[in-house]
Amino acid sequence: MRFLQVYKSSALIGLIILLASKVNLAEAKRKLVATSLVTCMENSQLSANSFDVVFNPDDRSLHYDLDMSTQIDSYIFADIDVYAYGFKIITKNVDLCSINWKQFCPVHPGNIQIDSIEYISSEYVNEIPGIAYQVPDIDAYARVKITNNVSEYLACIQIYFSNGKTVSQIGVKWATAVVAGIGLLLSAILSTFGNSTAASHISANTMSLFLYFQSVVVVAMQHVHRVPPIAAAWAENLVWSMGLIRISFMQRIFRWYVQSTGGTPSLYLTSTSMSVLAQRSWQYLMELPLIKRATNVLYGNANTLIFRGIKRLGYKMGIENTSIVCTGFTFFVLCGYVLAGFIIVFKCCVELATRLGWIQKARFWEFRKQWRMILKGALLRYIYIGFVQLTILSFWEFTERDSPAVIVIACLFILLSCGLMLWAAWRTVFFARRSVALYNNPAALLYGDEYVLHKYGFFYTMFNANHYWWNIVLLSYIFVKSLLVGFAQASGQTQVLFMFILDLFYFVAIIYYKPYLDRPTNIMNILIATVTVVNSFLFMFFSDLFNQSYKVAAIMGWIFFIMNAAFSFILLMMILAFAGMMLFSKNPDLRFKPAKDDRTSFQRNTMKPEGTVNRSVANELLALGNVAKDHDDNSDYESNDTGVNDELKQAQDETTPTTVTSSDDNKPTFSEKILSKFSRPKNENASTDALRVEAPKQQTFPHNLTNLSRENLSTLGSKPYPGHTRSQSDAHNGLINSFEEEDTSSNTDPFHDSTEGDLLDTSSSDGGFRSQNYVRDDSINSLGNNKQPLRKPPGFFDEGFM
């Protein structure tokens, strides 16, 4: 009798699945799965300890593994309602006695345990519509209300179905991760080669892409009532950006670590006695058999767990609740070691290739000399990328308390991330204010000092020089969001309301200030902020904040998926386009418009080894030396006019060693020397007479041409450009307005004070600047006539230096 009761009970469940399958879909094998049965009323007299049902429409087989308990002792009737995306599509009233299910006519109290297979009639199988097999992550469920013969409400159960088709795909996860990684790798490589404009653009766009991916995951971590399956599945594609990646052996290590450090690891993924619905987080009191899960919808017990928020994401990724924090922290540390190891190995390879003569000595010179500073800057940039991940997981660990050791690690990561970002922000503001005090432009030191640029450039190169401080606003915005997600998991409605307000304020601020380095980058980040605000608005419906019908939330779930999938595709294609332009372009800087903040005017060119001369300068000096040698050979004809020839001969004697050591390619060949001998004019006296006449009109050459600075070379014999007018600076900083005054004034290098020597001294305690003489690009000539006298920078600890 007990067996027949269980058998008929399973048949009832099979009927419910078939009714719901009218709006469901199957994968290629056309499989329908139901793994969770939850109660939808308090004190329900029918509940499930474990529930696993699989229906195969090809052979009409229904495999079920049930462990249920009931307290009903009467004749019962079932009111079955099937919902698709919140719309009721099927309603059926079933008298269990009329369908000859004797074990339900009447039902007696007890446990129901069965594992069996039943074949369903083709009448029900043929009712499944064809469109049901084409939609991924379909949102369908069945609600069964059980009453007795006097219409007394006895029990309510709700069953959620899955079809095996989903938009959460391994290929999508790898594609998004690889493209974002390519963007960061290219920006790092271009920075090493000195292509600053291209590197700044690709770095800014890739960082914005990372922050957008993380924002999608953050909004999906909110403790809302129920996330539509299509929206939850898309968020799973981007969970890798938060370090939540499942590796089986690592999960075993984390479980052992939590247990060995005083915690109790969870085993929900391997448990065979529990049913899990990945929608809501699990809380229940051990002394109560049934606990309310929401205001008016679902309930669970000690054997039926309902996850949502961070736990839901972890469960969907195959990570135990007590291993979520350990997983995120571990992948962050491992990726950091890989980054540092890559830079160190690359440096060793470059040094080895240089010593073996495989590459020229001038190649990667800046990287070889400042690789330690580049390594520090790369690690700071990496911590900046992982700031969202570290703060959210650390704050959430304080509420979960997996084990004392994990709590200590969370404290250390909070101090690490927040401390380093505060230090980078403070140093950036310090250097910018000192630059404004000295040169009336924050870009002078932020981009002119290689020490500052390599170490703290990640903090401000994405933004216009006048908005160097914007990352402080961005990090504060991220920090507040982390507080909401980490500490407010107990109240999803509180989270979504404050999250929407916060996103809205940031959206208005970024439109008002437009802080990024150029217009296209500003437009892209404004669009990202727009999508983020819309996502926050949609999750307000998922939290039942407005008490609307679930059909509204289901439609919003599809809007969330379509909008974010399309926008992610556009961003990924843009990064790939940038990568293609850089890989197939000889000069990637020409592909991008320079930022309108004069940063290129202050950035130094790629450093050269000591004792070498730029190729163009060496060619000019070689040509000047050849002319001087020709005149020296004709000195017998010009004995009365030695002024100019002495100057040129001295220039040749001083130039020849430097030219030879700087570039062997510039040395004249033997055939060129022979041709130069036979190419002299026949009337040599006439040529020397002409030279004698023109000599007084020429400028007096300095005695040491090789020691000429770039400024002296550029002004030697310079003439004003006819008809040339300078336009106003787009940055409105007043640096270009005094171009005419520069032509008549003395050539003063604003970055070098002969009375003070080096501008900055890293060995001193006055701010940690690097000792160097700044060289400014004279082709831009945008600084203007600095009327203010240079003064010694205040000390690092001097009063009032900020």
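Don't overthink the numbers, they just go from 1 along the chain as shown.
A Cβ is built for glycine as well, from the same backbone N, Cα and C atoms used for every other residue.
Annotated in Swiss-Prot:
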- N149: N-linked glycosylation site (CARBOHYD)
- N321: N-linked glycosylation site (CARBOHYD)
- N547: N-linked glycosylation site (CARBOHYD)
- S616: phosphoserine (MOD_RES)
- S635: phosphoserine (MOD_RES)
- S779: phosphoserine (MOD_RES)
- S782: phosphoserine (MOD_RES)
- 629-802: region 'Disordered' (REGION)
- 1-28: signal peptide (SIGNAL)
- 29-169: topological domain 'Lumenal' (TOPO_DOM)
- 222-229: topological domain 'Lumenal' (TOPO_DOM)
- 279-323: topological domain 'Lumenal' (TOPO_DOM)
- 399-405: topological domain 'Lumenal' (TOPO_DOM)
- 489-495: topological domain 'Lumenal' (TOPO_DOM)
- 547-557: topological domain 'Lumenal' (TOPO_DOM)
- 170-190: transmembrane segment (TRANSMEM)
- 201-221: transmembrane segment (TRANSMEM)
- 230-250: transmembrane segment (TRANSMEM)
- 256-278: transmembrane segment (TRANSMEM)
- 324-344: transmembrane segment (TRANSMEM)
- 378-398: transmembrane segment (TRANSMEM)
- 406-426: transmembrane segment (TRANSMEM)
- 468-488: transmembrane segment (TRANSMEM)
- 496-516: transmembrane segment (TRANSMEM)
- 526-546: transmembrane segment (TRANSMEM)
- 558-578: transmembrane segment (TRANSMEM)
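The glycosylation sites N149, N321, N547 differ in how many other CB atoms lie within 10 Å of their CB, and the one with the most is N321. Highest Cβ contact count with the transmembrane segment (468-488) among the listed stretches 201-221, 324-344, 406-426, 526-546, 558-578 falls to 406-426 (criterion: pairs under 8 Å). Residues 198-199, 202-203, 205-206, 209-210, 213, 237-238, 240-241, 378, 568, 572, 575-576, 578-579, 582-583, 588 of the same chain lie 6 or more positions beyond the ends of the transmembrane segment (170-190) yet place their CB under 8 Å from a CB of it.
Of the recorded residues, N547 (N-linked glycosylation site) and N321 (N-linked glycosylation site) place their C-alpha atoms 30 Å from one another. With pairs at least 6 apart in sequence, the transmembrane segment (201-221) and the transmembrane segment (526-546) have 3 or more Cβ pairs within the 8 Å limit; the two touch. Long-range Cβ contacts of the transmembrane segment (201-221) within its own chain (Cβ-Cβ under 8 Å, at least 6 residues beyond either end) map to 176, 180, 183-184, 186-187, 190-191, 227, 231-232, 234-235, 238-239, 241-242, 309-310, 313, 385, 388-389, 392, 458, 461-462, 481, 485, 499, 516-518, 521, 524-525, 528, 531-532, 535-536, 539, 564, 567-568, 571-572, 574-575, 578-579, 582, 592. Cα separation, N321 (N-linked glycosylation site) to N149 (N-linked glycosylation site), rounded: 44 Å. Distant neighbours of the transmembrane segment (230-250): 136-137, 139, 166-169, 172-173, 176-177, 180, 210, 213-214, 216-217, 219-220, 278, 312-314, 316-319, 324, 327-332, 386, 388-389, 392-393, 538, 542, 556-558, 560-561, 564-565, 568; these residues of the same chain sit at least 6 beyond its ends, with a Cβ under 8 Å from one of its Cβ atoms. Note on the topological domain 'Lumenal' (547-557): residues 83, 85-87, 139, 226-231, 538, 541 of its chain, located 6 or more positions outside it, place their CB under 8 angstroms from a CB of the stretch. Nonlocal intrachain contacts for the topological domain 'Lumenal' (399-405), taken as residues 6+ away from its ends with a CB within less than 8 angstroms of a stretch CB, comprise 257-259, 261-263, 265, 321-322, 325-326, 486-487, 489. Sequence-distant contacts of the topological domain 'Lumenal' (489-495), counting only residues of its own chain at least 6 positions beyond either end whose CB sits under 8 Å from a CB of the stretch, comprise 222-225, 281, 308-310, 396, 399, 543-545. For the topological domain 'Lumenal' (222-229), the list of distant contacts is 137-139, 162, 166, 235, 279-281, 294, 297, 308-309, 312, 485, 488-492, 495-496, 499, 539, 542-544, 550, 553-554, 556-558, 560: same-chain residues at least six beyond its ends, Cβ to Cβ under 8 Å.
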